[in-house]
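Here is the structure we will look at, set down as structure tokens.
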Amino acid sequence: MEQTYQYAWIIPFVPLLVPMLIGAGLLIFPTVTKNLRRMWSFQSVLLLSIVMAFSIYLSIQQINRGSIYQYVWSWIINNDFSLEFGYLIDPLTSIMSILVTTVGILVLIYSDNYMAHDQGYLRFFTYMSFFCAAMLGLVTSSNFIQIYIFWELVGLCSYLLIGFWFTRPGAANACQKAFVTNRVGDFGLLLGILGFYWITGSFEFRELFQILNNLISSKEVNLLFVTLCAALLFVGAIAKSAQFPLHVWLPDAMEGPTPISALIHAATLVAAGIFLVARLLPLFLVIPYIMYFISLIGIITVLLGATLALAQQDIKRGLAYSTMSQLGYMMVALGMGSYRSALFHLITHAYSKALLFLAAGSVIHSMETIIGYSPEKSQNMVIMGGLTKHVPITKGAFLLGTLSLCGIPPLACFWSKDEILNDSWLYSPIFALIAWGTVGLTAFYMFRIYLMTFEGHLNVGFKNYSGKKNNPADSMSLWGKKGSKPINKNFRFFTIDEKGENQTKISYTSDPFESENTMLFPQILLCFVTFVIGFLGIPKELGFNLDILTQWLHPAIYLLHHTNSTDLAEFLKHTVISGGIAYCGIFIAFLLYKPTYSSFKSFLLINSLHQKSLKRVIRDKIVFVIYDWAYNRAYIDTFYKNFFVCQVRRFSQIIRSFDLRIIDQIFNCFAFLSFIASEGIKYLGYARIPFYLFFYFFFVSIFIFLFYKN
């Protein structure tokens, strides 16, 4: 057994072979490497599959034996300081390794076809393999030094992948925004690491936890300073996992290719913050108030992400805000001490969200056959609709992922989310009300996305659409057009003439079509995983002997509430309540977004009935306020732009003016005086060498005389 663990250090290095081989091939055999570029997708999948098989084997060993293995190699610089490098294999490591590899393999298979015609095909697979390697290095790290190194590499890869199409201004701005926002969190993480090293004198996790626990127990450390350092560590997780208030980069990150979005949202970048908090949970548990702070940030993010997703027209941005909200649930669970619930939801959400993003990519791929390559149009749900008959497999996959995310039994997210919801009542009734209420919001906005995309008729021809996109901080109307009023109140109905026909249609010669098998296979496999993965964590109290997750996590459980058993009656009661809330959200989404014109030939009667009702007017005002809030991203981006970006620019202008008018002028004066002096000496000596020598020896003699005189 120990021999197996000794080879675990290769986990992050195996995927790293792909970028190294591609780089060497482009240097030595550039033409052959480019001509055989499709071969590299197979290499990427093969190497990541090796890591997946090894990770699964380690996980089976841990489930059977419940062992934790750590290897540390010390590099002694002097007697007082040494750097330690190594790797840690525990349940958290094995869970994250399996998530990264399984989702990564499916995304790579999908990407082979999705990126087939892109000129940056080789660059894409280089970045993706490096991304997986960096994430695997992060999850196997045994100390803060390695965590920070791989943390920065993950951030670098996200910058490269979000800005993959860097010639597009939107993508270039998005990757910069993500990079700068994460720098705030990374700086906090660095300060927190240095603070805890100053307190404990160690970077290694297990040793640091033990020392800090002893110091706090004996009251030999300032609790205020320890709490501050812990909060700084958590700031790093806030930025990476797009939690409030450092969430602003996440929707703009959708400028990258869709497979990247699937990997980022399922198992890598945003999961890194959850992983960090889970890894440091023994540290946070012994520090007063920090756990409440974690749960508070999480519950704010749960509600904020759900409300901002209510009015998105870009299908990928709607899913991005969904990710933000679901990550908030995981943070709430970690803040409550429900370690198992948080990791369970991390697992189920990863596969469900990967399925949704890959299905969304398939939809975008099919829309490009009609409107050409235009992300502003191909991702806009307003011009979609009626895709069920064109992409039936993709539609089924998206529907299954939607039902899972809504918490509909027996799909994956139902089991994990209900566990978090049940624990929330024991922690805080206020938090519980928000968490349970957001279940309805989640069901509403997810079925809104589904209905706008797949139901009704294809809306490419309607004239009320403009694909023009705004800057992230600008408001955007329902139809994607900039304006003072971002909401069209009668958003369910398009402009029609007296006969009930569309006023303006754009003719198109082709229909959307289903994606190829290499894009459908990962979706079908994820459908199966989404259906069965939740059964791994069914509590034993329900009469099913399937709770593999608890046995898997047994060596590293830090739970607060799972000492209480849950009987079948209580479980069914909570299931009925959460399911009822979810179905209410689905029902409201159907009322608002189910195309009424599918059953009626003319819109005139329907429009008149809706417009003459007083309740309709009041409802429209409420809808307008909600949509205005959502479209303007709760005005948080605007606030940052006005109070941070603009102020920094003004300050930089002041510094620039000071530099030009004061600093530069001072040095220019010295330069001018030197020029005058040199010109004077030149004319004084008539530009002859004997005169220069005379003045030289004259002044040297004076200097020597004064020196010896003193």
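Every residue, even glycine, has its Cβ placed from backbone N, Cα and C.
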Task: Which listed span Swiss-Prot calls transmembrane segment, if the choices are 637-656, 657-676 - done: 657-676
Open item on the list: Using a Cβ cut-off under 8 Å, which residues of the same chain at least 6 positions beyond either end of the transmembrane segment (89-109) come close to it?
Closed with: 5, 8, 11, 15, 41, 44-45, 48-49, 51-52, 55-56, 58-59, 62, 68-70, 125, 128, 132, 135-136, 139-140, 259, 262-263, 266-268, 271, 275, 278-279, 343, 346-347, 350-351, 354, 358, 518, 521-522, 525-526, 529, 552-556
Open item on the list: Are there residues at least six beyond either end of the transmembrane segment (280-300) with Cβ under 8 Å to its Cβ atoms? List them, or say none.
Closed with: 196, 205, 208-209, 212-213, 216, 223, 226-227, 230-231, 233-234, 238, 243-244, 328-337, 339, 427-428, 431, 434-435, 558
- [ ] Give residue numbers and ranges for long-range contacts of the transmembrane segment (40-60): same chain, 6 or more residues beyond its ends, CB-CB under 8 A.
- [x] 4-5, 7-8, 10-11, 14-15, 17-18, 21-22, 89, 94-95, 97-98, 101-102, 104-105, 108-109, 111-112, 122, 125, 128-129, 132, 136, 552
